[in-house]
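These notes concern the structure reproduced below.
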Amino acid sequence: MRRDPNDLDRYTAGERVIHWTVGISFILAGLSGLVLFHPAFWPFTLLFGSSTWTRILHPYFGMLMALAFLLMTVWFWRLNRMSRVDWQWLGRIGEMVNGDDQNMPEQGKYNGGQKLLFWLLLIGTLLLLFSGIALWRAWFHFPVDQVRFAAVVHSAVAAVMIGLIMVHVYASIWVKGTIRAMWYGTVTRAWARQHHRAWYRQITGLGNGQPR
Amino acid sequence: MAWQSLDIQRRSATTTPMPGARQGNEVAKLIDISQCIGCKACQVACMEWNDLRSAVGACTGVYDNPLDLDSNAWTVMRFTEMENNGRLEWLIRKDGCMHCQDPGCLKACPAPGAIVQYTNGIVEFHQEHCIGCGYCVTGCPFNIPRLSEKDHKAYKCSLCSDRVAVGQSPACVKTCPTGALHFGSKEAMKDHADHRIADLKSRGFQNAGLYDPPGVGGTHVMYVLQHADHPEWYSGLPQDPKISPWIGIWKGLAKPLAIGTMAAISLASLFHYIIKGPNAISKETEKEVEDETRS
């Protein structure tokens, strides 16, 4: 259902489903993983049935997340190739954070921050996948030295990933008009022109005026 | 536990101090390898007292039976035949939990109260709190805990904490026919070891000594070794066991660092929103886009 005929399509239904699958499995894997990381998060066991269920389910949440993310990579990697403009954009990210984004370099469908996040999350997902398999004693038996190293990698990478996702989620809350793209796939023309002008021009053929 | 003899001094995944008013006396089991004949009575006694029955194994051409520790075999005799200065030596080590003063299993365990250390030094697994992750296996420098194939809980020697609590010695010690096993206060066991070591030295074992590795804070199961300079001769007893530095990072620095980072990012986001306000489209831009679209 289209609310405004001028809205722009940003994500297909399939793209939204895969993103939500990654998001939900990330949250489930994150909450159950934190239980295994620090006793301060022990109350999260209540979400999963019991502490033992938390331990049983965590790797499956993780596998689902890795699978969904790898699928998303196949879907989206071309759109996330970094260009020189993206690095310029990242070099001036201070202005963006400062709330002064009028003069930022023009961005395509994704800005440099989104692209960098994508690649960092891909690397993180692969590291979590491999280290997680080493830790998964229900199915695998690795030499104890490797398991010890994997435990450090797994928790450090997970903490970085949670931090990156916090930034990702906050960015979508901060930049108004973003979350609707995740819900129903469309954005307003003004949103597209403001934040992704090159993409806006590409799909509307408009907006060649100087950015304000 | 409400027994003074089972007062807890350390508890897994617990960040506040344990009740500490009462001081316990440290106990220890002393395994005098020079007096062991490898009869395996200790294995039988352990099975009897703890009601454990390992699956019947197969003969693989060595004396070790069962071949390894498992969730139903908390102690195993490991046999090593070696030639030393032209003499055959049969080094028989009773393997099992060493009850470290600084237990790697307890440090690694994420489940509150699944592993405890009593004030007498005994390290015990409480399987009803165990979640089956196997982190204790990862943490142990002696490769002792075993996950059950059946219930996925971790098991190991309890040093018969139930017997010790009421003033009895562990079942293995009680049954040892040669006096190779001793049990008492850690001090008394060290004294006894001194006599045994002096005796061994007088018989030509110049390097006889006590195995009470300081890297894990000492242990509550100690060995008298004929060749204390070569503990690895005894089926790979570690020379200088320590909790792995990876475990130290994982269970130490990583925790505050990760929580601090996550908290900092959440707070920074919140305050950024409050200070900078939402990044919304200005009315002018909206107007411009409207005009552009219409034209």
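Note: Cβ is positioned from N, Cα and C throughout, glycine not excepted.
Feature annotations, courtesy of TrEMBL:
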DOMAIN    B:27-57  domain '4Fe-4S ferredoxin-type'
BINDING   B:Cys36, B:Cys39, B:Cys42, B:Cys176  [4Fe-4S] cluster 1 binding site
BINDING   B:Cys46, B:Cys157, B:Cys160, B:Cys172  [4Fe-4S] cluster 2 binding site
DOMAIN    B:88-120  domain '4Fe-4S ferredoxin-type'
BINDING   B:Cys97, B:Cys100, B:Cys105, B:Cys140  [4Fe-4S] cluster 3 binding site
BINDING   B:Cys109, B:Cys130, B:Cys133, B:Cys136  [4Fe-4S] cluster 4 binding site
DOMAIN    B:121-150  domain '4Fe-4S ferredoxin-type'
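Secondary structure at B:Cys160 ([4Fe-4S] cluster 2 binding site), as computed by DSSP, is coil. Of all the binding-site residues in the list B:Cys105, B:Cys109, B:Cys160, the shortest Cα-Cα distance to B:Cys176 ([4Fe-4S] cluster 1 binding site) is found for B:Cys160. Proximity to chain A (Cβ-Cβ distance under 8 Å) holds for the following binding-site residues out of B:Cys109, B:Cys133, B:Cys160: B:Cys133.
Residues 63, 65-67, 70, 72-77, 79, 90-94, 99, 120-122, 157-160, 163-164, 170-186, 189-190, 192-193, 196, 200, 205, 208, 219-226, 234 of the same chain, all 6+ positions outside the domain '4Fe-4S ferredoxin-type' (B:27-57), place their C-beta atoms under 8 angstroms from a C-beta of that stretch.
B:Cys133 ([4Fe-4S] cluster 4 binding site) sits 24 Å from B:Cys160 ([4Fe-4S] cluster 2 binding site), taking the CA atoms of both as reference points. A sphere of 10 angstroms centred on the C-beta of B:Cys172 ([4Fe-4S] cluster 2 binding site) encloses 26 other C-beta atoms. Residues 5-14, 22-27, 29, 31, 33, 36-38, 42, 69, 74-82, 126-127, 129-131, 133, 135-142, 144-145, 154, 156-159, 161, 164, 172, 180-181, 216-221, 223, 226-227, 233-235, 237, 243-244, 247, 250-251 of the same chain lie 6 or more positions beyond the ends of the domain '4Fe-4S ferredoxin-type' (B:88-120) yet place their CB under 8 Å from a CB of it. The Cα of B:Cys42 ([4Fe-4S] cluster 1 binding site) lies closest to that of B:Cys172, out of the binding-site residues B:Cys97, B:Cys105, B:Cys130, B:Cys140, B:Cys172.
Cβ packing within 10 Å was compared across the binding-site residues B:Cys36, B:Cys39, B:Cys136, B:Cys140, B:Cys160, and the lowest neighbour count falls to B:Cys39. The highest number of surrounding Cβ atoms within 10 Å, among the binding-site residues B:Cys109, B:Cys133, B:Cys157, B:Cys176, is found at B:Cys109.
Each of B:Met98, B:His99, B:Pro103, B:Gly104, B:Leu106, B:Val123, B:Cys136, B:Gly139, B:Pro141, B:Phe142, B:Ile144, B:Pro145, B:Lys156 belongs to the same chain as B:Cys97, B:Cys100, B:Cys105, B:Cys140, is absent from that list, and has a C-beta within 8 angstroms of the C-beta centroid marking the [4Fe-4S] cluster 3 site. Helix, strand and coil content of the domain '4Fe-4S ferredoxin-type' (B:88-120), in residues and according to DSSP, is 5 helix, 14 strand, 14 coil. In the three-state DSSP reading, B:Cys39 ([4Fe-4S] cluster 1 binding site) counts as coil.
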